[in-house]
Amino acid sequence: MTQRSSELHPASPPQSPSTAPSRPQAHTNGSQMAGGEGSDEAVVSRRAEGSDQDGMKKVFVRTYGCQMNVYDSDRMADVLGPQGYRTTDSMDDADLVILNTCHIREKAAEKVYSELGRIRKLKDERGPGGKPLMVGVAGCVAQAEGQEIARRAPVVDMVFGPQSYHRLPDLIARASRGESVVETEFEIEDKFEHLSKEAAKPGLKRAPSAFLTVQEGCDKFCTFCVVPYTRGSEVSRPLAQILREAEQMAAQGVREVTLLGQNVNAWHGDGPDGKPLGLGYLLRRLAEVPGLDRLRYTTSHPRDMDDELIAAHRDLKELMPYLHLPVQSGSDRILAAMNRRHTRDDYFRLIGRIREAAPDLALSGDFIVGFPGETDQDFADTLDLVRRVEYAACFSFKYSQRPGTPGAAMADQVPEDVKSARLLELQALLADQQRAFNRSRVGMRMDVLFEKVGRMPGQVTGKSPWLQPVQVDGPLDLIGTIQTVEIYDIGSNSLFGRLIAGQTDVQLSSTSPAKEAAIDA
C-alpha cells in the first residue's frame, strides 16, 4: 500500500572518422526555459499488440504540463488497452478524447477550455447520426475545478482527478449510460498497484527512456502553488512495487528511467528492520536492476536533499550527473513569503556539498519573478544567485495567481509589465549560462543514449548525461543503444556529434521493441 505523509494539509536537465550530421539552418527545439518542466503539450501515441485489429476503438490523449502527467497519460492508455482502445494521434478519428491537464499557471488552465471549444465543434460536425465522441477532462484542472468544468463546458462527459485513473473503465461505462461523472475525491485505494499491473501486459513496447512515478503530492505548501490542493499530501509508493515496475520497463526495452514526484526526494519507505529508507537507497536498488543503465529523478525540494542522496550522486555511475533543484527566488524576504523554509545561504551551502560529491554535476532550477511584494532589490538578489550558482538550464515564469493559494490574496501584487521586464532580463542571463554550458561540451566525448529518429534525414537523436539532445548522423539501429559520441558543435539547445568508431554496444535489429516504440513516437 502507498505510504501517505501524516502531516495534514489545509483546505482549499581527436576527430572521429565518421562524418558530421546534417543540420538545419536554425535549431528549432526551443528553449528549455520557455515551456516549463517537461513537455508543455504532448499526445500519447504508441503501438501496442493488436492495435491494428479491426473493431478497436481509438483514444486520443492530449497531455499538458509536467512529466508526471506524461506518465499518467501512458498509464491511462495502458488501462484502456484491455477495454478495446488503441491510441491515435488524430483527434478527428477518435472515439474518446482525454485532456490530461495542468493547473500550475492560469494560461495552462485556459488552454484546456479553448481546446474544449474546438472539441465541441468537432462533436457538432459529426452530428446526431455520426460517430459518437466521448470527452474526458483529467488531471489537476479537473481536480481543482470539478463541477465548474461540467458547467462551463457541457461537451465534457467525464471529469476525474489524478487519483481516479485506474477506475477509467468504470467511469466510461457510467458516462455511456448518461450519468454525470465528476470524480475528484482523494481515495485511499492504491491506484499505482492497478496501473502498474496494466503496464506489465505482454507485448507492450517502450522507448529507451521512460518515466516512473514514485511519489505524489506535496506537504510543503509554498504560497504560490496549487499542488497540495490538486495532488494531495505526500504519498510514497512501496519499494517492492517500484522495483517490480522498473524490472518490467527494463524487460520492455527501457534503458533509462526518470523517477518522478511533485517532491520526489521526499520519497520514503520502510526497511526490513523497520528503519526509514530514502530516495538515495531507492536509487541504489534501482541501479541493480539488469538492463537499466541510467537513472534520473525530478523534481526535488532543497529541504529534502539528505546526505544519503548526495552520496548516491557520488557513488552511482548509473545516476546521471544532472539535478533539477528549484530555488524560485534569490531573495530571503521572498523565500520567506513563499514559505520555502530555507534561505539563499542554505541553498548555496547545499549546492557546495552536492558539487563536492559530484564535481561534474550540472544544475537546473525553477524561478518565479514578480511574486507579490517583490522589489527591484529582491529581483537583483535573484540575478545574483543565478550568477553565483551557474545553471546548465532553467525554467522561469512570471508569477500567476492561483485561486485558493495564499499568494493570490497577498497585497502588493506586482504589475504585469514589471513582471514581463524582469522575466526577460532573467531569461537572457539564464540563456547565456545555458549556451556557455553547452559550449563547454564541445570537444568532449560522452556516452549518448539514442532514443528516436532525428529531425533531418539520416539523423538520430540521443540524450547526453546532462539531458541535452544530441544529433548524430547514423542508422536507425542506433536507437536503444548507448554509444560514445564526440561533440563538435552546438545549436540553440542541442549538441551535434560524431560517432566514435569501433564500439561494442550491441546493435538492435529492425524488429527491436525499443526501436519500434521510438519510431512510433
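Here the Cβ of each residue, glycine as well, is placed from N, Cα and C on the backbone.
Keep in mind that TrEMBL annotations are predicted by a computer and have not been checked by a curator.
So that you can see what the record holds, here are the features copied from TrEMBL:
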- C66, C102, C140: [4Fe-4S] cluster 1 binding site (BINDING)
- 17-26: compositional bias 'Low complexity' (COMPBIAS)
- 43-52: compositional bias 'Basic and acidic residues' (COMPBIAS)
- 57-177: domain 'MTTase N-terminal' (DOMAIN)
- 204-436: domain 'Radical SAM core' (DOMAIN)
- Additional residues surrounding [4Fe-4S] cluster 1, by Cβ distance to the C66, C102, C140 centre under 8 Å: Y64, G65, M68, N69, T101, H103, I104, A108, G139, T230
- Message: Below 8 Å Cβ to Cβ and six or more residues apart, same chain only. Which residues does that give for C140 ([4Fe-4S] cluster 1 binding site)?
- Response: G65, T101, C102, H103, I104, G161, P162, V226, V227, T230, R231
- Item | Assigned element (helix, strand, coil) containing C140 ([4Fe-4S] cluster 1 binding site), judged by DSSP | helix
- DSSP puts the residues of the domain 'MTTase N-terminal' (57-177) at 69 helix, 25 strand, 27 coil
- Number of Cβ atoms other than its own within 10 Å, given for C102 ([4Fe-4S] cluster 1 binding site): 25
- For C66 ([4Fe-4S] cluster 1 binding site), the number of neighbouring Cβ atoms whose distance to its own Cβ is within 10 Å equals 24
